[in-house]
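> This is the structure I have questions about; it appears just below.
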Amino acid sequence: TKYGCGIGGCGACTVMISRYDPISKKILHHPANSCLLPICSLYGSAVTTVEGVGSTKTKLHPIQKRLANCHGSQCGFCTPGMVMSMYSLLRNHPEPTMEQITAALDGNLCRCTGYRPIIDSYRPFSAECCPMKGTGGCCLDKEGSISCSHEGDRVLNLYLFPSQRVAKQMQKKTLVFHGPRTTWISPASLWELLELKANYPNAPLVVGNTSMVLEMKMEGVYHPLILYPARIPELNAVCYTENGIVIGAACHLAQLREILITVVSEQPEEKTKVYRTLLKQLKTLAGEQIRSLASLGGHIVSRGSTWDLNPVLAVGKSILNLESTGGTLQIPLNDQFLTRMQNADLRPNEVIVSILIPFSQKDDFVSAFRQADRRKNALSVVNSGMRVLFKPNTDIIADMSIFYGGIGPTTVSARKSCQKLIGRHWNEQMLDDACRLIVGEIVLSPSAVGGKVEYRRTLLVSFLFRFYLEVLQELKKMKTQSKIERFSIKQDVDPGQPPQDPVGRPIMHQSGIKHTTGEATYCDDMNPVDGELSMAVVTSTRAHAKIISIDVSEALKVPGVVDVVTARDIPGENGTEDERVYADHEVIYVGHIICGVVAETYEQAKKATEKVKIRYEDLEPILTIKDAIKHNSYFGEEKKVEKGNVEEAFKTANQIIEGEIHVGGQLHFYLETDSVFVIPRKEDQEMDVYVGTQYATAVQNTVALALNVPSSRIMCHTRRVGGAFGGKTTKPPFFAAAAAVAANKTGRPVRFILHRQDDMFIPGGRHPLLGKYKIGFMNDGRIIAADLEFYTNAGCTPDESVLVIEYVVLKSDNAYDIPNFRSRGRACKTNLPSNTAFRGFGFPQSGLTAETWIAAVASKTHLPHDKVREMNMYKGASATPYKQDFDASSLTRCWKECLEKSEYYSRKTASEEFNKQNYWKKKGIAIIPMKFSVGFYVTYYHQAAALVHIYLDGSVLVAHGGIELGQGINTKMLQIASHELKLPLSYLHLSETSTVTVPNAVVTAGSIGADVNGKAVQNACQILRKRLEPIIKENPQGKWEDWIQAAHQQSISLSATGFFKVYVTNMDWMKEEGNPFPYYVFGVACSEVEIDCLTGDHKNIRTDIVMDACFSINPAVDIGQIEGGFIQGLGLYTMEEIKFSPEGEQYTLGPDTYKIPAVCDVPEQLRIYLLPNTRNPMAIYSSKGMGEAGVFMGSTVFFAIRDAVAAVRKERGLSENFTLDSPLTIERIRMACADDFTAMIPKDKPGTYKPWAIDIE
């Protein structure tokens, strides 16, 4: 079980809770986020973690086995949570539908796989999707396990719940738990609860703890007494009256869903309109873990503005049944209650016992709407509940109510507008008046928290218009279900290749099984050691300031605190001249580490950080690219490449266009946060550093310099990393040094694990970019000149920003051969977190810019976008603007293959026909080529070493300098060793990456980790095989073990070091030419989407990707990398948005505010094709690195959305020459689809108000 975010947003910590229900006399199971569960709430429950489902030491559960076999894990950090979500579902529904399976994963995030293999692995558990459906058998039987459906009870590997014992424990007695600061009381009766509430009116009631825990963890709210009423029968009862359903306030939302499903199936449709609307909202509300914990009463009484059920309950005229020691009371759940008006609210001593949700009437029309940054498991940007009651058999409004959430701190009512509409006919004139009334009544400040002000105002009337249409046309909601296609992985291998030779085959990830059982250990999984301390850091609250003083006196008084470490405690060098381990005299961004507190527990250390007092002298910060340009604030010099004569070419062009695009940044959001565990040894100043990093050598060097000891005294160890994507390259050395200094000062081991909130703003992310372009082209679409200018927001230190802007410039042509081409770039120095390497390393930003000016040319010439792309693509023997020769034949093949595989032209026609028939929904399709370069332009980054030992029993231990980040490098290394030694994989083992076994290893990055380390492993194995050849010739029929024994007896070394240093690359920036990259990866992708013009929502329908992987060492691993990269790119280009305040404080600090793609975002059809019959003589076995290329393929979704928006604008007579910035969020899509609704909302003049957030790009 893993700790991911601490706020119930990622699902990594999912466990299953089992409770005996005395009402149904059944054992109920549900998934839960363990990070939200108070231990006191688990009295009488059974908790099943992933360790209890199955293990390699006992027996694997079919869920675990299938997930590993279907390549459903990469880094593996999220995998235990995935297993537990599915396991919980099967315990309740042995034969789930695919809709239930995908819903079960709503609350689980994965940053690596792209989700498709996870869905595929679970598909056979649904009888409706079993490949052997109708045969009387089951696919899981064929796999040697037990049936997925007919033998459902046996599949569940059950630990029998001791229901009788639990029933006795749950007898009516009060449970009291005393903690150091808080008392937890769980009363057994309603009267006892009411007495406690009378005596302690300020004590909160907690059932699911999904809301209060966030206040306690993130805002420091403290409650001396907490009441837990979940065991009280009256609060769990459900009863039916002639007016509606009465549901106990402690009823969980997942239970509410099941109750409503039953009622809807039993009652006439006219009576269940409110219930159907609630069910619609429950489908998208949070994830299954939260739905299984959160209570209806808690949802109501907490009254969050973005809570989706409250507007529906309000328009449904729900009644709250209250009780206190003074008696009972009923109050309406209306606007006065939701806005906490004193005369309509609960008194401190009152408790919500139950909620009456009335039946709807014949002439009632009820609906609800929500729009969030992600379709599921995301708080609404705006939500709404709407109801209209007509006079019998007319369209005259008798009663009407509209509630909106997300517009202010509470849910608000358009009461005045609705009153003015009573008596009106339901027609267009009424609609027009209603929109204007609501816009006038519901006011949103231009500085409103959350931003998106004009968009949120637009949704007020967009939702109303949709309601108008639903009522007018009496639309019925249609069920949707996941249609993610089953996908098979194969690659032709030489028919003569021995079956035991794994190269070229889709071998399961080396740690796949251990990922699914929780046995794969990460840095924070390491067992505690004697004397261990935990560390938390104090970070700057200013973007730019001098440090006047640091007062740690109060922090040292906190119980458990051992010491506070600052820059003064560093015996050696405080980082580098550009970046410090601890800030000494100046802070340069919000989040800059100033000091570290070490204590016996993390909680003590974290509490003490709040006691450290820092005095600042503020300095003027630079935050945006615009400000940096104004102040000439840059890192390094301008980088430029140029070919041809750009200025002369512009003179001969038929047309010239100019424009710019803003590309937002992206946070890595790896599931395992930055982690380090430092253990000092007792002699010679030696120290073991266990760290999650891509660059162990840099960690070793930085720690050694900080401690002023030789690097040989610092031993770095990394077994696996729970995701990295470039983000664990330059930052972990500083985190490790900070912990090492603390360990050196205290003489004790120090564990330093960044919690999600810190890990979101301290390390930085992908560089935001401003791209400017001037393009000269002919009327037939041929581009003859391009002049490009790029600026990135580098943040506060150089990090790798100069290298990133160089790559932006070098890769800015993407796949296009422009005869006259100039590209320039600068890295802007600002007072924001220092941005760093991220998967794709500048190309996702510059590539999007290239496709933007290609699209602009196509729009200007009124030519099909695919034709303009194709005519300007590289073809055959070509040369880049920096004069590197390459063959573009595979690019052309990928293009043709993708056109065919995606059925592009027929689907384009179908999309256009759909758009003619639909005004408020539009489809778009786009096909995009890619030329992606791997590796580095510095030759020494292409070196690698390996160490291979053969032991006397014949077993083989492989070590290399690469690091397993989830990309499957260790799996490929074992495949290579198996092939070269001609041994089955069962003989081979790979443990950890360590500076002890392989020193001076370069960073695992640039998509070449498997290339260079594979060559080193190959070299070592070939040396060993050559040494063994004489012995094998003497005894050709002998066994491997016999040969090894003979070699040992003949004193032949059974250990070899392998080394690789072949990729020669260079770049001369003075001459603007060179051969900076070893080789290129070509690919083409096609995506189709459907957008909602009223809300900006979009649905990913289908994506086809053709990638030139040449001969894949492991097609399962490579396809997984392509898929995962694509989904990460989809997030970059369509939803992931980083927000900063005008003072430089980052708002997006966790999964609640920063949305990465989830299961709901995967295209319904996702197909990956590896281009056949291609070779790459540069790399081992003619393979290619696939680690990063897939990210840019996500841009096809961006341009498919653009295509749909273009159809909207064309139909409405708007300009077809437009630019959309990235990410192309719901807000940007909606506002680009301008209409009468966007025109009628009030607009605020920039400069007349202080915005909530600023545009840093």
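Here the Cβ of each residue, glycine as well, is placed from N, Cα and C on the backbone.
The [2Fe-2S] cluster 1 binding site annotation in TrEMBL covers Cys5, Cys10, Cys13, Cys35. TrEMBL lists Cys75, Cys78, Cys110, Cys112 with the feature [2Fe-2S] cluster 2 binding site. According to TrEMBL, the feature domain 'FAD-binding PCMH-type' maps to 177-362. According to TrEMBL, the feature FAD binding site maps to Asp308, Arg370. The Mo-molybdopterin binding site annotation in TrEMBL covers Gln694, Phe725, Arg839, Gly1006. Under the heading substrate binding site, TrEMBL lists Phe841. Under the heading active site, proton acceptor, TrEMBL lists Glu1188.
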> Based on Cβ atoms within 10 Å, give me the single least packed residue among the binding-site residues Phe725, Phe841.
Phe841
> Using C-alpha positions only, work out which of the binding-site residues Cys13, Cys75, Cys110, Arg370 is nearest to Gly1006 (Mo-molybdopterin binding site).
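Looking at Cα distances from Gly1006 (Mo-molybdopterin binding site), the smallest one goes to Cys75.
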> Need this for a regression test: binding-site residues Cys78, Cys112, Gln694, Arg839, Phe841, filtered to those with Cα within 10 Å of Glu1188 (active site, proton acceptor). What's left?
Arg839, Phe841
> Using the CB centroid of Cys75, Cys78, Cys110, Cys112 as the [2Fe-2S] cluster 2 site centre, which other residues of the same chain sit with their CB within 8 A?
Ser73, Gln74, Gly76, Phe77, Thr79, Arg111, Thr113, Leu671, Gly722, Gly723, Gly966, Gly1124
> For [2Fe-2S] cluster 1, what surrounds Cys5, Cys10, Cys13, Cys35 with a Cβ no more than 8 Å from their Cβ centroid?
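Output for this site, in sequence order: Lys2, Tyr3, Gly4, Gly6, Ile7, Gly8, Gly9, Gly11, Ala12, Asn33, Ser34, Arg756, Pro1151.
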> Of Cys5, Cys10, Cys75, Cys112, Asp308, Arg370, which binding-site residues come within 10 Å of Phe725 (Mo-molybdopterin binding site), going by C-alpha to C-alpha distance?
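Those close enough are Cys112.
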> Counting across all protein chains shown, how many other Cβ atoms sit within 10 Å of the Cβ of Asp308 (FAD binding site)?
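Here the count is 26.
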> I want the residues beyond Gln694, Phe725, Arg839, Gly1006 whose C-beta is within 8 angstroms of the mean position of the Mo-molybdopterin site's C-beta atoms, in chain order.
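Other same-chain residues near the Mo-molybdopterin site: Ala724, Gly726, Gly727, Thr729, Ala837, Phe838, Phe841, Leu965, Thr1004, Ala1005, Ser1007, Gly1187, Glu1188.
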> Using a 10 Å cut-off, grab the number of neighbouring Cβ atoms around the Cβ of Gly1006 (Mo-molybdopterin binding site), all chains included.
24
> How many Å separate the two farthest-apart Cα atoms among the Mo-molybdopterin-binding residues Gln694, Phe725, Arg839, Gly1006?
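Taking every pair of listed residues, the largest Cα separation comes to 12 Å.
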> Report the nearest neighbour of Arg839 (Mo-molybdopterin binding site) in space among the binding-site residues Cys5, Cys10, Cys110, Arg370, comparing Cα positions.
Cys110
> For the domain 'FAD-binding PCMH-type' (177-362), what's the mean pLDDT in this predicted model?
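When the pLDDT values over the domain 'FAD-binding PCMH-type' (177-362) are averaged, the result is 93.
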> Go through the binding-site residues Cys110, Cys112, Arg370, Phe841 and tell me which ones have a CA within 10 A of the CA of Cys13 ([2Fe-2S] cluster 1 binding site).
none
